[in-house]
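Trainee: One structure follows; several queries about it will come next.
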């Protein structure tokens, strides 16, 4: 079932979107936030128990899924050729750092560990945006199917919206429009999850995912590639 891998980014998108709105619903129901006074940031909704525990687990789950998706996407682009290997490696590193930052912002609540939480949020949002722009470029350079052009166009549109929302958070917060800044944050997060979900188009072409370990000995690279490949295949 080669299309089965397409379910992974879809699951991440559903998990993240439903998860943060569940946290919002709990926060509103137990009066941790008051939407009539000010629309809350996602982090504020997840700052107080019991929803803080739910928020942490949602972020941990997102981190795990993002890492998985980043690695598979890296392998997919690498297998298509070496013409964009540097950008592909950069996107992998940036994506993994961004994924780790999601776990940090989820486990260090803004009401308790403000600067740690904010550092995680800045890394997650900013590096996440860089990652998706790189993926848009890689979609054009390493096209796995005829879907490449329209996927790149849609990805560019979502990346542009994400850039506007990210700048909107900063400008509106500094200007004192905190409710609008919070709404911009929610829109940014929703757009990010849609961007991850869009990987389903490329992942439906994945036949299997393999992790290969290569041993290098004696400087004979061709021998190493031919005789020292230990492969774990996940069909």
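Glycine is no exception: its Cβ is also placed from the backbone N, Cα and C atoms.
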Trainee: To which of the residue ranges 20-43, 92-115 does TrEMBL assign the term transmembrane segment?
Mentor: 92-115
Trainee: Considering every residue in the domain 'CWH43-like N-terminal' (5-205), what is the mean pLDDT value?
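Mentor: When the pLDDT values over the domain 'CWH43-like N-terminal' (5-205) are averaged, the result is 92.
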